[in-house]
Amino acid sequence: MGETKLVHSPLITYGSMLSLLSFTPPFVILMWYTNVHADGSILKTFNHLRENGLQGLINIWPKPTAIAGKLILCYALFEAALQLLLPGKRVEGPISPTGHRPVYKANGMAAYAVTLITYISLWWFGIFNPAIVYDHLGEIFSTLIFGSLVFCVLLYIKGHVAPSSTDSGSSGNIIVDFYWGMELYPRIGKHFDIKVFTNCRFGMMSWAVLAVTYCIKQHEEYGSVSDSMLVNTILMLVYVTKFFWWEAGYWNTMDIAHDRAGFYICWGCLVWLPCIYTSPGMYLVKQPVNLGLQLALYILVAGLLCVYINYDCDRQRQEFRRTNGKATVWGKAPSKIVASYTTTSGEKKTSLLLTSGWWGLARHFHYVPEILAAFFWTVPALFNHFIPYFYVIFLTILLFDRAKRDDDRCKAKYGKYWKLYCEKVPYRIVPGIY
C-alpha cells in the first residue's frame with residue numbers, strides 16, 4: 001500500500017490523526033454554536049466553556065433528532081437517486097497504481113441544477129421552508145457527526161471484507177486504515193461510486209444548499225437580505241457551480257485518484273465541509289453587514305475574477321493533457337517536460353508536465369486564486385469578528401499541505417524529471433515568494 005510511506009515522523013502522524021479524530025467533531029459543534037448562539041464571538045463561547053468546563057460543551061451539544069435524521073436522509077437519498085438516474089457522458093478516471101481505470105457518469109451539473117431548482121421551488125411554492133434546516137442545524141451537524149462515523153466504520157469493514165477493486169489494502173495499522181481508508185474506489189454495485197457521492201453530491205452540493213438556506217433564513221428574520229449576504233452567497237454559488245461544471249476534472253485530482261476513502265476524505269466531506277466551508281454565510285445570517293453598493297460590487301468583481309482564474313488554471317492543464325500537449329497556452333505553443341515513470345506493476349509510462357501559462361508561474365499557482373476567492377466571500381463580514389475567517393485560514397493550511405504532499409508524491413514518481421521541472425518552475429504556490 002502506497003500510503004504507508006509516512007510524510008512526517010510516526011509520532012506526528014499518529015498524533016495528528018488521533019487529535020483530528022477527537023477534536024474535529026466538537027469543533028464542528030462549537031463553530032455552529034458560536035455563529036448561531038454566541039453572536040459570532042469566539043470569546044463568548046470560550047467564556048462559556050471556561051466557566052462550565054466539559055459540562056459546558058455537553059450542554060451546548062445538540063442531541064441527534066428524528067427531524068434532523070429525516071432531513072439528512074431525504075437529502076442523501078435524493079442526491080443518490082440523481083447520481084444514479086440522471087443521464088451523463090461516460091468519463092474515464094486516471095489509471096491507478098495497480099492499473100485499474102474507474103469509469104464514471106458525468107452528470108454533476110445536471111444534479112446540481114435539479115437540486116437547486118427543486119430546493120428553491122419547494123420554498124417558493126410554500127411546500128418546505130428551508131429556514132427549518134437552519135433552525136435544526138445543530139441537530140443536523142450532531143446527527144451527521146455520529147452518522148458519518150458509522151459510515152466510516154462501514155467503509156473500513158467493506159475494505160476488509162468486500163473491496164470493489166484491486167486498489168485497496170491494509171497498512172497493517174487499524175488507526176491508519178480507518179483514517180486514510182482502505183479503498184481508493186469503493187462502490188456499491190457496479191455504478192454507485194461512494195467517493196463521488198460523499199465528496200461531490202453530498203459534500204459540495206450541501207455547500208450550495210446551505211448557502212441558499214442562510215440567505216432565505218436572513219430574509220425571514222429581517223425581511224430583507226443584506227448586500228454582504230448576497231455577495232457571500234453569489235460568490236459561493238459561483239464557486240460551487242464552477243466545481244460541478246468541472247466535476248469530471250476533479251475526478252483526476254489527488255482527492256479522488258490518490259486519497260483513499262476513509263475518515264480523512266469521507267468524514268471531511270460529510271461533516272466538516274457542510275459546517276466549516278459554509279461558516280461565513282452561517283455567521284452573516286444573524287450578523288448582517290451593510291456594505292453599500294460600491295464596496296459590495298468591488299468585492300463581488302474581485303471574487304468572480306479569482307474563481308475565473310482558478311477555473312482557467314484547471315482548464316488550461318486539462319486542455320493540455322487532452323490534446324497531448326498540442327493545445328496553445330496563452331496564444332503560444334506550451335513549454336513542457338516529457339517525464340517517464342514506472343508503475344507498481346513495472347510498466348513504463350510517460351506524462352507531460354506543463355511549464356508555461358498559469359503553470360509556469362508556480363507548480364500549484366491555482367491555489368492562489370482559490371484562497372483569494374474564499375477571502376472575498378468572507379470579507380463581506382468585515383472585521384468585527386474572527387470566526388468567519390477560520391475557513392480561509394484552514395483552506396490555506398490545507399492547500400499548502402496538499403501542495404507539499406503532491407510534490408513529495410511527484411518527486412518519488414518522476415525522479416530526475418521532477419528535479420528538472422522544479423528548476424524550470426521553482427516556486428511551489430506563490431510566484432516569487434514560496
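Each Cβ is built from the backbone N, Cα and C atoms, and glycine gets one as well.
These figures come from a predicted structure and were not determined experimentally.
Annotation comment: TrEMBL describes 12-33, 67-88, 109-128, 140-157, 229-246, 261-279, 291-311, 374-400 as transmembrane segment.
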### Message
Six or more residues beyond either end and a Cβ under 8 Å away: which residues meet both conditions relative to the transmembrane segment (229-246)?
### Response
108-109, 111-112, 200, 204-205, 207-208, 211-212, 214-215, 218, 278, 280-281, 284-285, 288, 291, 296, 299-300, 303-304, 307, 310-311, 314-315, 373, 376-378, 380-381
### Query
What residues in the same chain, six or more past the boundaries of the transmembrane segment (109-128), come closer than 8 Å to it by Cβ-Cβ distance?
78-79, 82-83, 86-88, 201, 205, 208-209, 212, 216, 240-241, 244-245, 247
### Message
Assess whether the transmembrane segment (67-88) lies in contact with the transmembrane segment (12-33), where contact requires at least three Cβ pairs under 8 Å among residues 6 or more apart in sequence.
### Response
no
### Message
Using Cβ atoms and a strict cutoff of less than 8 Å, what residues sit near the transmembrane segment (261-279) while being 6 or more residues removed from its termini?
### Response
20-21, 24-25, 28, 31-32, 35, 141, 144-145, 147-149, 151-152, 155-156, 159, 177-186, 194-195, 198-199, 202-204, 206-207, 210-211, 214, 236, 255, 387-388, 390-391, 394
